[in-house]
Structures are given as C-alpha cells and as structure tokens.
C-alpha cells in the first residue's frame, strides 16, 4: 500500500521533462552499467471518485457547494444557535433527506466504479521475465515490462508492438470500447523486432524507447526506439500511433503479440480520457438560479417587514410588555440592535421554506430518468448498425427544446458517406463507367468507357496512382468480421472515398492486391502482377488536404503520387495543365459529386537521398514532429504533373431534405459547415432543400473577392452591399423575421474558409471587428448559410461567433467525423452521428443518433416535451412553496409578529418531501401536453417555446400571482370561517393548531389538484401518485395526531385532525376553499375549451369552402399553465 502511494506521488517527477525513456524488459543496456528502476505510476486503474475514508467529507463538501443546500445549512445552524420559533428538525430533516438521497445515489454509482476497477486491476496477464511467462495481476504491470497478449484479449496497458505471430509483424485491433469503431485496425511492429516471437528472444532484446509524456489524444503518439545489438551504435526507428496498442482495445484475428508497456494505470490514454467534457449549463438552470435570487429577495423582504412591524407594534407599552408576560431584567438590558438582528433571523427561519430545498433532487431525478426515453425510443433504432440513440449527458435534455441555430456537417451527416466511383477525367478527357443490359444482366462496357480518349500510358498511370496512393488495406474474408466484398477478400480503410477509388480502378482493370513486406502489389489490365516498394507515406491531414506516397518501381524509378482537393493540388502543379481538368472538376462539383485531383512527379535518385534524410529526421523527432513533417511535405509536393481528377458520388441520407424543411419550419436557422468545395456543397444544399429554387444566394468567396486587386476593399464593398439589401428587405425584430421568411424573398449566404479568415484576421486597423460585425448582421438575416472549405477550427470559430451574439442564441452542432469534434464541443448541444468515419464525434457529443433524420424527432418531440415538463416543474415548485409560506406570513399580522408558526413541525418537514414531491416528478416524466404526432407534423409548435418562453418574466409573474391569490384564499377563507361558532356542535371555537391544520389541508389538496388539472396525459402512475399522495396525507395526519408520542415535549396535535373532520362544517369549508382557489383555473379551462371548439368549427368550414389545406392554429404558450388542456373537463 505504501509503495503504491509513493509511486503515485513520485510519478509526477518524470513529467518535468518533455519525454520519457523506457527500458524494454527493464533490462540495462550494458551489463557493466548499474540499472536504477525508474519511477512511473503502477497499472492500477482508478475511475472511482471516493474512498471509504474521504467519502463523507468530500461528498458533503460537493453537495454544500450548491446554493440551496448551503442556504438550508445556514438556516439549520441559525435554528440550533438562536431561539427560533420552529424546531431545527423542520429544516434539518428535509436537508438531511436531500443530502442522504444524493449521497446514497452517488455512493452507489461510485461503488459500481470500484467494482469495475477491481475486475480490471485483478485480471490475469502474462509478463516475460527471465525468458519465462509469468502470470501476474494486471495492476502489477510496470512500465518497461514485456506483456504477452492473446487473441480476443484486451490490452492491459498502452503497449508498443514488438512482434506478432504473423510474418509481417502486423496485428488487428478493435477499439470499440475507446472510440466506438468496430472495424479492425492494423498495427505494425518495428521491422527490427518482427522476428522476436519467443520468450527467449524477447528476453534477450536490449532496447530503449523515448516517447512523449502521456496525453489523452487517442490518435497521436510520438516516439522512437533504439535497438542495441552487437554493433557499437544503436539502430533507431521512429514510432507513431500505428505502433501503439491502447489499453481497452481488443486483439482480433491474431493469435498472439508481444508488446512493451510505455504508459500504465492512470497515465494510459483510456484513463486520461476519463475526465469529463466541460460542464454545459442549460437555460433552465440559469432561470432556476435567477428565480432563487428573486425568492431570496422576497424572503429577506418578508423578514425585514415583519421585524420592522414587530417593533412598531411593540412601541406601545401594553403590547410590548402585557401584565401577563413581563420581561426579565436580562431581556430589558439586551442590546436593541442585537434583539432586532435575532428577530430578523427568526423570521428568516420561519419563512425559509419559500426556497424549495428538494427541487434540485427532483430536477436531477427528472433529467436522469427522462434521458432513458431517448434511449428507449424505437424510432431512433437503425437496423444497419443495430444501434439506437445514446445519451452521454442528461443535463441538457431541456436544451433540445431551445435551439436557435443548427450547425451541420455535410459528408456523412447530410449524406450517406457511402461512396461510389462515377467518372474521372485524364488530361482533360472524360471517362465514365457505363453499363448496358445483356440478357438481363448489367455489365461494364469495356475497361473504360470514354468520350474522348487520352494517351494509353496516361490512362495506365492514372489508374496506377489510384491503386498506389491510399491507405486501404486488403484483408482475406477469414480475417474480417462483418460483410465482405467477395472474391475472397475485402478492402478496409478509415476513408470511404479511398475504398471507392480503389474499387473504381479495379472495375477498370487495375486491381490493388495488398501490401506485403513493404511492397504494394497491383494487377494490371493484362493480368500481370506489378510490385512497388513503398518508401514513404505522406499522410492526409485537414490542413494540407492531400496525401502522397513515394514508391520505387521494379525498374528502379522513384515516383511520387499525390491526390487531394483541387484547391490544394492546382497551386502545386504546372499551370498549363490546370485548364484541361478544371472545367471537369467544376462541372462534377455542380452535379454534387466529390472531386479529387491526382498528380505525380518523378524524383531523381539524388533528390530522393536528400528527401529521405529529411523525412527520417522529421519522423525521428520527439518535439514538434508534426510541424517538421509538414515542412518537409510542403517541400516535396511541388512542381508535380497533373494527371486528372475523380468524381465520387455520396448519396443524400434518407429523409435529410424533410428534416431540413422541418427544422426550417420550426424557426431554426440551419448552417452547413463543410470542408468540401463550394460547387459540391452548393449542389447538396439544393438537394436537401436548405436552399430553395427561389432563394437568392449571396456569395463571399475567393472567386467573388478576387475580382478586385485589393481583396479587402472588394470584401468591404460586398459586405456593405449585402447588408443594405437585407436590412431593406427584412424588419429588425427576430420574431417578425421568422414570419418574413415565408412572406418575402429568402436569402442564403455562401462563404469559404479563406474569406472567413480575411474577415476575422483583416490587416486593416480595427477593420476586422467591423467586418465581423457586418458579417454577423448579414448571417442573422439569411434563412440558411453554407460555409465551405472549412478547417475544423474554423467550424468551432463560427459556432463561437454565433454563441456570442446579442441574446446568446442556443446552438446545436451535429457531425460524424473527427473534424467535427471541435464544433460539437463548442456548441451548447453537441450531436454525434454514428457514422462511417469512426466514433470520435459520437464519443465527444452530448447525444448520439444513427442518422441525421433522427434530429427531427429529437428536437421537435423530445426537446419540446422535455422543456415543457421541466419548465412546469420549476414554476410549480416555487408556486407551491409560495402558497405554503404566504399564510404563515399573513398569520404574523394576527399574532403580534411573535414568530408563532402556523403549521405543526411535522407538516413543515413533510410538505416538500412526502406530500407534494411525487406528483410533480411523475408529471415531469410522463406529461404529453400535445400529442407526439401533432408535434412531429407541425414544426411551428417548436417556435412557441424557444427563447425560454415558459420561464420568462410573464409566466413567472403569472405563477407568482396565482400562488399569492391561492395563499390569500387559504388564510383569509379559514380566518373568516373561524368568526362563527358553528364549526363545532358544542359551540366551541377551534384553536391555533386546528386553524393551521385546516389551512394546510386546503393547501395540500389545492396544489395537488392544480397539478391534476394541468395533466393532459394520464397514466396509472399519475393516478397512483396524485391520489396516493392525498391519501397518504390523510393517513399520516390521523396517525400523527392519534398517538401520544413520548419523544415530544408538547402533544399539541393530539386528536386535532380527527376532531376537525368530525365537523360537517369543516368538511364543507375545506371543499369550498379548494373550489374558490381553483375556480380561476377551472373558468380558464371552460372558456378556452369553448374558444378551441369554435376555432375548430370555423377551420372546418373554411376547409370545406375553399378546399385549402391548412395546419391547425397554435395558441401562444407564453403564459400557458396547461390547465386549459386538461382531460378532466
């Protein structure tokens, strides 16, 4: 125990430097040198938050950081230390209940984490020690240990692959538990250790690994291994993410591997990813905090008023010191200011229940339990991936009903990301794969169907480029889980585009046969096998927007093949070759196809020696490796020869257009942020109806700006011109703007990445902010915006700009790829698509769904219902507590401001915990104030709740005045009834506690029946909790007043409730007061039902007369209480 603690404490020492050195097998390099074991953390995984010793203090500290909990703690301490009118139990017991329930919930969740940690930490692993396999517990693995992992086992820590049972030193891994990707990934051993396949040979290895310090990026690793043999100098090889096996990943289709541990325990990438995303706060939470401040002010005002009036009332000697209650000498000598302060605190305690202590717990339970409805929704289930929706955080359920802006990726989100090779052009000549029917069978018309033929050698060169320049892997069907291509093998790649291009080349006679021992094998049109030595791969990245390979032919020629976006390739090829291809690229983009340009160049041997040295040096760098590689790549990929371009079709997702239309009808602004070229993205936007045929497009692109020599001057002119046009067309208010979308000319904006950079980073003094301001004004007036050629960080920049607009609009981002993660994390709500580009977006999102079409129901139905439910819950909590405390306040005017409580301590304690908590919880989980089909069919209903409509000042005042009216009725109704002696048969008048019990009975029944009136969607659960709560109150009152409790000093409630109900007059009084309290609500229901029926009849007559289809009119929800939609009346 002490050693583990010491290890964890000392583990930070090695973080002082930028890299760490690992001795493979924990062997010294030279037998003559002493070996000192390094201090790294052990392999224990600790995902739990608490221990047995720190649970109580740590949990209490976290809970009392909440304003309401801390407030009630202060009230409790005041009750304990000051002579207050109520027992400390009245505030202490509810607080204890809330704290205990939360602690039990969090403790149970942490216990589950402890149990899961122990299962991992105690699992058996095999370590190579002294040329033998030694069985150990996983937590005992140390950095430098060589670990043996067998098929279908999970890697116990982050390992560098040394060797595998395959001859080429590869292994296949699935990382579903890390990033959700179920497809196999290939990892590679260093070529110098491939042959070390036995425990003896592994134990004889002397090597060191230098690598970066632990960091959470799953897809980044920088290191190098130095292997020492009989020679004096070590052989150094670079290490990258393809050599690293991550903890939590599973070995597949490989019998056995050996790897050396480089990161263990809490320093593994999986453990570093445990940390949660930045906390997002919903609009409802902000409203709750604002309401708490308002009610705290009301509480302070009540206490101040009562304290002041008490001393005004006591200014009369008879009132201050009556003959039957003379003050003691000590009371007379007490400092007056201290007495006033003590009285103020006493009134604070008396009225403290105006702040709902249990609301936070109820809100948490509502969010947690409510999130299951999304996961259980069968409409979100996708048979293709056999998965449904997933909720990664339940804190933002209601935020789904408040979205103003939707930012969506294009590829894989609006489109299927299922690529098909359509056509290509070679040296400006168009080639298209055509088919013809022969005896009912479809077959390709020759290897290449062409419209104008290029040189035969150029055709072959182009197709060879498609077969060589990619990261596709060929696997036999036995090595692959899932669907196969046929013919005994399948293609696997992280990019569907590359698979489509390789398949396209295969269709036209050139077949990629895989990569064996560093040689790429290609079968040409003559069925001959060609082999190319793969010298270097210059991987694709979103900044360069291209990738390259350097290969050596069988004749010894060294060639570079490069493919990428036209904007990336054209500046790097000879200018006279561009025009031949550019027209085809633009035409294909207009047709909605994804285009890539292909280029090559021959590298002289002398140049290659220099290039090779630069690449090796950059790959071996441990610091700034990416920047150094990028610099070398930039130098290599110049002066190329353009061969041609490809066109790949990415079909629109099912119901993508309908979803866009529904979001538009709901008043949401949809922006498409994509890295594709403008023409392709523009075509997709028309196809998915983001742009309508009558939409006037405003362009801020490189093409429109380059018409002038001074780009910034031209940009300024366009911005001013567009702003004038839009301000003249549309009114200023946002609300009228949404109506104007259907009444006036619609405008759409197109902007590309370079123009956005010019707007944000203008060289003119102070013009950048001015450009940004004008640009945002234009965007706000457009119904749709297309941002093309966007880098990932630019996507996040745009989301951040909109978030910071005046009014703080709620933003939602949806995407499927790693390049969408930045905008998903930046927006208020992040949605990940479980797509074909991995699961990085889904893993970093708040919610994940299989398809873009599911966004419609997620927002229009679930978002709408969640918001209405929790908004009603919040308003109801403050309403019922104001109803509860107002009679207590009014009672002080009739008891000389003596701080006499109106209710018994048991009622004060149980009101929020037992009598009124379950009905509102059931309502907030199950209520459907509008039918789900109606919400789906009429997206305009969504507009009625946006802008946090139900928690604005209007609804807040409505609920507050309603509570004030009902609280006044409770008190004065009972007060005036007490003026007569007819309540008892013997003429006796009820006392103080009977008076308070009648008020409390009317209160409990009224606030519960108010919720029953508000309920439209009745289930057996609603019936059970509503009528059950009322029955429990009656039962408890009989039980509490029917027994003499020995632990109570005073038996003031003994037989009060039973005697009270023996009077028929009391029964009638209670029923009458409940009816008077609810009468305005009932009257509102009747009036609005009549108006609704009248509106329906008029609508039916209008439909019959003019035969026009129209959606039902929608009543504003700003002041709704939902009682008008009750099924009771």
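From the backbone N, Cα and C atoms, a Cβ is placed for every residue, glycine too.
The average per-residue pLDDT of the prediction over the topological domain 'Cytoplasmic' (1-83) is 72, rounded to a whole number. Sequence annotations record features per position, and here Swiss-Prot assigns topological domain 'Cytoplasmic' to 1-83 (among others).
Residues or ranges marked as transmembrane segment in Swiss-Prot: 84-104 (among others). Long-range neighbours of the transmembrane segment (84-104) within the same chain, counting only residues 6 or more positions beyond its ends whose Cβ lies under 8 Å from a Cβ of the stretch, are 59-60, 63, 69, 72-73, 75-76, 78, 345-346, 349-350, 352-353, 357-358, 360-361, 364, 898-901, 905, 908-909, 912-913.
Annotation comment: Swiss-Prot describes 105-287 (among others) as topological domain 'Extracellular', evidence class sequence analysis.
Per Swiss-Prot, the feature transmembrane segment maps to 288-308 (among others).
Annotation source Swiss-Prot lists topological domain 'Cytoplasmic' at 309-343 (among others), citing sequence analysis.
If you look up Swiss-Prot, you'll see 344-364 (among others) marked as transmembrane segment.
Residues or ranges marked as topological domain 'Extracellular' in Swiss-Prot (evidence: sequence analysis): 365-876 (among others).
Under the heading ATP binding site, Swiss-Prot lists 409, 410, 411, 498, 540, 563, 594, 674, 675, 676, 789, 795, 819, 820. Residue density at residue 820 (Mg(2+) binding site): 33 other Cβ atoms are found within 10 A of its Cβ, drawing on all protein chains shown. In this structure, residue 820 (Mg(2+) binding site) is part of a helix by DSSP.
Marked as Mg(2+) binding site by Swiss-Prot: 409, 411, 816, 820. In this structure, residue 411 (ATP binding site) belongs to neither helix nor strand by DSSP; it is coil.
Around residue 409 (ATP binding site), the C-beta neighbours below 8 angstroms that are at least 6 residues distant in the chain are 672, 673, 674, 814, 815, 816, 817, 819, 820. The active site, 4-aspartylphosphate intermediate annotation in Swiss-Prot covers 409 and rests on similarity to another entry.
The phosphoserine annotation in Swiss-Prot covers 442 (among others).
Summarising the annotation, Swiss-Prot assigns coiled coil to 607-643 (among others) and lists sequence analysis as the type of evidence.
Counting residues 6+ beyond its ends, the coiled coil (695-726) has Cβ neighbours under 8 Å at 678, 682, 745-752, 754-755, 758-759, 762-764, 767, 771, 774-775, 777-778, 781-784, 788 in the same chain. Among the features that Swiss-Prot reports, coiled coil is placed at 695-726 (among others).
Taken from Swiss-Prot, the feature transmembrane segment applies to 877-897 (among others). Only residues 6 or more beyond the boundaries of the transmembrane segment (877-897), in the same chain, are considered here, and those with a CB under 8 A from a CB of the stretch are 291, 295, 302, 306-307, 309-310, 313, 319, 347, 350-351, 353-356, 359, 362, 903, 911-912, 916, 920, 959-960, 962-964, 966-968, 970-972, 975, 996, 999, 1003, 1006-1007.
Residues or ranges marked as topological domain 'Cytoplasmic' in Swiss-Prot: 898-905 (among others).
For 906-926 (among others), the entry in Swiss-Prot reads transmembrane segment.
By the Cβ criterion (under 8 Å, sequence separation of 6 or more), the transmembrane segment (953-973) is in contact with the transmembrane segment (1067-1087), since 3+ such pairs are found. All protein chains considered, the CB of residue 819 (ATP binding site) has 22 other CB atoms within 10 Å. Within 10 Å of the C-beta atom of residue 789 (ATP binding site) sit 22 other C-beta atoms, taking all shown protein chains into account. Under a cutoff of 8 A between CB atoms, and with a sequence separation of 6+ in the same chain, the neighbours of residue 411 (ATP binding site) are 417, 594, 650, 674, 675, 676, 816, 817. Using the rule of three or more Cβ pairs under 8 Å, pairs at least 6 apart in sequence, the transmembrane segment (1024-1044) is in contact with the transmembrane segment (906-926). The sparsest Cβ neighbourhood within 10 Å, among the listed binding-site residues (540, 594, 675, 816), is found at 540. Mapped onto DSSP classes, the topological domain 'Cytoplasmic' (898-905) shows 1 helix, 0 strand, 7 coil. Maximum intra-site Cα distance, ATP binding residues 409, 410, 411, 498, 540, 563, 594, 674, 675, 676, 789, 795, 819, 820: 24 Å.
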